[in-house]
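Record features (TrEMBL):
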type     : residues : note
ACT_SITE : 125      : active site
DOMAIN   : 1-158    : domain 'Thymidylate synthase/dCMP hydroxymethylase'
């Protein structure tokens, strides 16, 4: 499929980050161990300490994308806690609604949670997406509050 860039896109990184989001993980070291270093700086000891997260384990990004997608509204403790059944699983709701009511105009997933923003190593750039089905074809509209056109945007829309 076409990407909005003329340079090579780190496809493995795109895929691994998406799978990491889907899993609901907030541990940057999981990605790093797979050769995807894009979150390493935000999970570094120095960076976390600079935000006042000195008690947080290195690599713990706080309640970022995956947590919001899979556990929106749950109380975040740390990257190792089990959040099964806690909060709203927005991703599952999106999937279920597309299957059962594809004409619904409220098929929305949001990573922007004002209560959790102070706990995040980095607030969400791609904050909201809306899915819709027209004539049996699935589309997605993405809202991004910020994005590096050369790197971040091609990654986020891939």
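Quick reminder: no glycine exception, Cβ is built from N, Cα and C everywhere.
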Fill in the blank from the handout: On the domain 'Thymidylate synthase/dCMP hydroxymethylase' (1-158), the mean of the pLDDT values is 91
Exercise for the section: Ten-angstrom check, please: count other Cβ atoms within 10 Å of the Cβ of the residue listed as 'active site', all chains counted. Expected result: 16
